[in-house]
Amino acid sequence: MGPAKKPAMAGVNSKAEREADLVMGTNNSSIVSKRSVEMLYYSKPHFFRYFVKKPQRRSPLINRGYWLRMHAMAETVRKFMREPSDKPKFVLNLGCGFDPLPYMLLSADNDLCRDTTFVDIDYEKLMVNKKTAIRKTDEITQLLEDVEFLPDDSAVQIRSKPYLAIGCDLKNLTKLDTVLRAEVLPSECAVLFLAEVSLTYMDVKSANAVVSWASGLSNDAQFCILEQFFPDGPDHPFASTMMKHFKKLGAPLYSIHEYPSLNEQEQRFKDAGWNHAHARSLWDLWSDDEFVDGSLRASLDAIEPFDEWEEFALFGSHYFLLHASTRPRVSETATRTLTGLDPQTDKSGHFRLLAKCPPGSGQRRFGAVIPDSDKAVGHHSGLGRQTRLSSTELYTKSEGTTKTHEFPPGDIPARMCHTVTCLSNQDCLLVGGRASPASGFKDCWVRQGNQWRSTQSLPVPRFRHSAVKVTLDSEYVLVYGGKTSDGTTLNTWLAWSSKKQDWQQVETNSIHIKARFGACLGSINDTSGVLFGGIGAEGTILGDFFTWKLHQRSDGSLFMELTDHTDDLRRTSSLFNQIHRFGATVNQTAWGLVIVGGIVPRGIITHDKEIMLLDSTELTKCIASGWPSNHTIISALGLGNRLDGPRPLLVGHVSCAIDSKEILILGGGAVCFSFGTYWTEGTWLLQDVSSTTENDWTLIPESVEPNKSQSEKATSKPSAQSQNEPYRAAEVITPIPRVCVQNPAQFQDILAEGRPVIIEGSDVGPCTELWTKEYLTSAVGGDRKIVVHEAQSAHMSFQTKNFSYATKTFGTFMDEVYAGDRQYLRSISAEQPTKLPANLAVDFPSLSHDFRLPESLSIVTDNTHSSPLRISGPVTLWLHYDVMANVLCQIRGEKRLILFPPSDVQYLQVPPGASSSTINIFQSNGSVASIPHTSPQEAVLKRGDILFIPPLWLHTASPTGDVSVAVNVFFRNLSKGYAAGRDVYGNRDLQAYEKARNDIQKMAKSFDGLPSEMARFYLLRLAQELKDKAEK
């Protein structure tokens, strides 16, 4: 007889239980992130540690976002406790989860907490678990005077003098009200309610009932709620990404749709009986010195290098903190004013933004534009999907156009947040940038006469600086501000001379100007321009505005004349605060200075102000005539008269003036906190609405010519092969041997040999006969949702992402792929795709009995990591390697694979930290590319064949006829050394490699301060040592 089932909780059906579990699951993720913050940013004692079994260090963005959330809630409680009152005080945390805020405050501010009782309230199930954890933790129980742990079926789970824990569903307000009035609250008391991202998971009616009930619990009540909102509607890229995330978790946000704005949230509380309510975004609070003082903001950078400012601002702009009170209204809070547009400042009707957005095209952020011609530009370096890139993407205006000037060579280290400034004759200067925020670059590279070479380095590494061309006796590149590797915000001006090929310091007049990075620097003419925006040393966007003029003395030294026009522009322009920007791009056009994207202080850039125009002609007139008020200097272009594509996220982008009346925008996007990444894909062309030209700018598929280093170019003869021409066809391709494996010992010998073989004659089950299109559709289910790759060409590239991920039904996919569509399915976990590897038996149970590995491959079965199902149409998979060994079992159709031994990786254009090559091995004419110094091997798999692929063998695959169906089984062949943590796809590099890459960064950094040629000399010697060790 089996064990008796526990009775279900009274009044709670299984659906409600499941919903509650999903909501409680969001708390698990939240406290792991808060634990990460605690470990780094909080002094001991630590309290999250008792509720988080496996701590994880989150990214700097997640850490700072949760630091701000934690600070907001804690400061609100401290403010409440500091208020003078003759009543006992109670802090009621509604939906507290495992948050240990009471214990943290009792430990750090015991005197301040003397007259306050903390009451945690959440689901019964959660509070029982919390009680169990607290009971076992002396460090917490010692803080709780006269603590008593009550039975699980009691409403009050924990009772002590300073702290109580209550188990109650917030939808059961009758029970909660009874418990609080009978067992917790005296008749006269001051109450502060807390609700940190908890009520929004309730249906709106239930959440509003809590808000109304709370206003009547005490005549001296306050409410602090922290939740998400839509500062610019649900279609904003961050907002839409956030909403998809919570929906995918099964815990959608409800209140945000009913009360999307701050004004509506305030009115919600007033309608519920609260005398006054005031809401502010977290980004607004971050910028408030009274809430987070400047020294505290600056101190955070010393704990953890940070440069995710755009993403931090987007997060903070979508979360609000609202404070409401039932106390008599003393003075009405100032109403929120929005910067409106009038016919004089709204110029959106005069412009249009044309989008050309093929999915997966141009996914790159924080790069730089490489000038080429009026029909071609490059997008250099920056951050790709996986890592920083050293490559340059080519964009052209018409099909068949090729670049006319050289792009930066591949041996310039990958970087982001650098500048490239265009000079005459299509010369240009590349300056600085960074790897990590603690590892800036000071090297500089110049293209002159269509050749790239290094030039004098900066005095110190510099990134997030601003640069512009000026012309005096010759051309100069003027550089201002930025940050350096130790986190210092710079306030110096430098000028690089195209004649002398060196840097010189630029003196300035005595006017006070704050150091900054990410500022807007623009030209008005050859020697003068404007400076505004940027983030200062204390972590807020600056709101000043300067004009500058560069002078040259007779001795050749340079002098900068700065004039502060902040007050003048604030007085005469209603949109002045909309150009206080960080990370925007500025281009000189016939219309004036066009300011694109970035972030602004305290709020978000709304769609109607994404692109701004500063009329430099009007500005010059105003300066000359004493700033009359009838001039329109700043106007808004927004996103133009009509937007014919998805809304772009204009951060991390680049832009350039193609001609005096067209601006081309490329790249950009952001990591939307923990919700996912949004990419601004394709090309965007801003032009006058009267223009008749269309946006024909497009990304040319990746180059097939290997990047030659500068030294190779200097020593080799010019090649007749252009970058857009194919390789020669490989003449010698070794066939992979075919073998029969009859027992595990034979396969063990193959493993020890470490070379690929095709195993034939094995029994993999009835799948080879059964798995037709009709059978698979019926067995899997035609309505089942899957995610597939949809390719734009016959060759998929992981580097350029010339494909998109599409969610569709399995039946639709099978119809389309069998009709010849370029689609590819690599199955992922059906239950937890971001946490668990694919498992054919679990993900497709109806297929599990059809497929089996032969007994001779028992070592594979015993050490299996994952077993994805692969179904491919006429599309080629990119060249890549897997860290784990695997066997590829061909079930239906045929497939051709080309493999390269691990020693060939140095010739196959695999960027550092990546596992995929940039080369198309299968060329458009069907031949295999001949890559010098490599030894390609070929496998043609027929039905029932099993290809053993050893670890690190690079391989690419292409169907040779109809649809290919295969099962891929990855297995662990090492006892240790794999990457720590989660590895869903089995392709994370070994721990030793990742550690060594960090060591390389440290080695390179140790040469900071040396002349660049000396540093290069020694780094090349070290590289030779590494190569010698690798070849022993």
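Cβ from N, Cα, C; glycine included.
Of all Cβ atoms in the shown protein chains, 21 besides its own fall within 10 Å of the Cβ of L170 (S-adenosyl-L-methionine binding site). Summarising the annotation, Swiss-Prot assigns S-adenosyl-L-methionine binding site to R69, G95, D122, D169, L170, E196.
Per Swiss-Prot, the feature region 'Disordered' maps to 702-726.
Here Swiss-Prot flags 716-725 as compositional bias 'Polar residues'.
The feature domain 'JmjC' is assigned by Swiss-Prot to 833-988. Note on the domain 'JmjC' (833-988): its mean pLDDT in the predicted model is 89.
The S-adenosyl-L-methionine-binding residues named in the record, R69, G95, D122, D169, L170, E196, extend over a maximum Cα to Cα distance of 24 Å. For D122 (S-adenosyl-L-methionine binding site), the count of additional Cβ atoms within 10 Å of its Cβ stands at 28 [all protein chains shown]. A simple way to gauge crowding: the CB of D169 (S-adenosyl-L-methionine binding site) has 20 other CB atoms within 10 angstroms, across all the protein chains here. Listed in sequence order, R69, M73, N93, G95, D99, I225, L226 are the same-chain residues at least 6 apart in sequence whose CB falls under 8 Å from the CB of E196 (S-adenosyl-L-methionine binding site).
For R69 (S-adenosyl-L-methionine binding site), other Cβ atoms within 10 Å of its Cβ number 22. Packing around G95 (S-adenosyl-L-methionine binding site) is summarised by its Cβ count: 24 other Cβ atoms lie within 10 angstroms of its Cβ, all protein chains included.
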